[in-house]
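K.L.:
Just dropping this structure here.
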Amino acid sequence: MKAILIGFMGSGKTTVGKLLAAHLTLPHVDLDKKIVEYTGKEIKEIFSQYGEKKFRELEQKTLVEQLDKKGVLSTGGGTPISEQNLKILQAVKTPVILLETSLNTVLKRVAQSQDRPIINQLSRNELLELYNQRAPFYQRCADLRVTTDNRSPLEIVEWIKNNL
Ligand SMILES: Nc1ncnc2c1ncn2[C@@H]1O[C@H](COP(=O)(O)OP(=O)(O)OP(=O)(O)O)[C@@H](O)[C@H]1O
Ligand SMILES: O=C(O)C1=C[C@@H](O)[C@@H](O)[C@H](O)C1
Ligand SMILES: [Mg+2]
């Protein structure tokens, strides 16, 4: 992989990853999408039918499978949130880029979406707690950090290209 994007739900990993890959004429790989293709089920169905633990197992397996491939990898929001995955992301030679987004912006972007079981299940306060809990995991494996509040996907892609 040429770059790995990490960050909270709604930080823009999928959107920016797709655009960055197009700018670099590389394939784009989205971990969530790979899991959906592999299982033939939507993420919310995997959560409701098999539980989050099973989803995390699939996520880790898929992450390891993709690391040596060519392209730009967009992870899921929870991918770096285990000591095992953190070790994998810290050890990888590819730059890990953290898309930093305030919780307010996250909520503006994804509050209406029904695709993210974690966002749909939690109250705003619980989400804030999760956001604060996750921040150190993201920081521990990030090589580069870019703020996405008030920046368009294209501006973020330009920033990444200039800093990669
Ligand atoms: N920089 C941005 N400015 C404005 N809107 C954005 C930006 N980045 C992403 N969005 C919008 O926010 C929503 C969520 O983006 P996206 O799906 O790329 O996030 P994600 O980080 O991949 O989330 P998840 O962790 O759930 O996969 C989309 O509707 C997208 O169009
Ligand atoms: O932040 C999370 O834990 C998640 C984010 C999404 O990308 C999906 O991987 C799933 O909805 C879980
Ligand atoms: Mg995504």
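Just so it is clear, glycine is given a Cβ too, placed from its N, Cα and C backbone atoms.
Sharing the features that TrEMBL gives for it:
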BINDING   GLY10, SER11, GLY12, LYS13, THR14, THR15, ARG116, ARG151  ATP binding site
BINDING   THR14  Mg(2+) binding site
BINDING   ASP32, ARG56, GLY77, ARG134  substrate binding site
K.L.:
According to DSSP, does THR14 (ATP binding site) fall in a helix, a strand, or coil?
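P.N.:
In the DSSP reduction, THR14 (ATP binding site) maps to helix.
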K.L.:
Using a 10 Å radius around its CB, how many other CB atoms surround GLY10 (ATP binding site)?
P.N.:
23
K.L.:
Is any of GLY12, ARG116, ARG134, ARG151 (binding-site residues) within Cβ reach of ligand 2, i.e. under 6 A, and which?
P.N.:
ARG116
K.L.:
Just report the maximum Cα pair distance in Å for the recorded ATP binders GLY10, SER11, GLY12, LYS13, THR14, THR15, ARG116, ARG151, no decimals.
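P.N.:
Across GLY10, SER11, GLY12, LYS13, THR14, THR15, ARG116, ARG151, the widest Cα separation comes out at 23 Å.
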K.L.:
Within the chain of ARG151 (ATP binding site), which residues six or more apart in sequence place their C-beta under 8 angstroms from its C-beta?
P.N.:
TRP159
K.L.:
For the C-alpha pair, I'd like the distance in angstrom between GLY77 (substrate binding site) and THR14 (ATP binding site), rounded off.
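P.N.:
Just about 10 Å between their Cα atoms.
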K.L.:
Which of the three DSSP-derived classes (helix, strand, coil) applies to ARG134 (substrate binding site)?
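P.N.:
Helix, per DSSP.
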K.L.:
Give the distance between the Cα atoms of THR14 (ATP binding site) and ASP32 (substrate binding site), rounded to the nearest whole Å.
P.N.:
9
K.L.:
Restricting to the same chain and to sequence separations of six or more, state which residues have a Cβ under 8 Å from that of ARG56 (substrate binding site).
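P.N.:
Within the chain, ARG56 (substrate binding site) has Cβ neighbours under 8 Å at GLY78, SER82.
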K.L.:
Listed binding-site residues: GLY10, SER11, GLY12, THR15, ARG116, ARG151. Which have a CB under 6 angstroms from an atom of ligand 3?
P.N.:
none
K.L.:
Which residue, out of the binding-site residues LYS13, ARG116, shows the minimum number of other Cβ atoms inside 10 Å of its Cβ in this structure?
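P.N.:
Per-residue Cβ counts within 10 Å for the binding-site residues LYS13, ARG116 bottom out at ARG116.
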K.L.:
Output: those binding-site residues from GLY10, THR15, ARG56, ARG116, ARG134 whose CB lies less than 6 Å from an atom of ligand 1, in sequence order; none if no residue fits.
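P.N.:
Within range of ligand 1: GLY10, THR15, ARG116.
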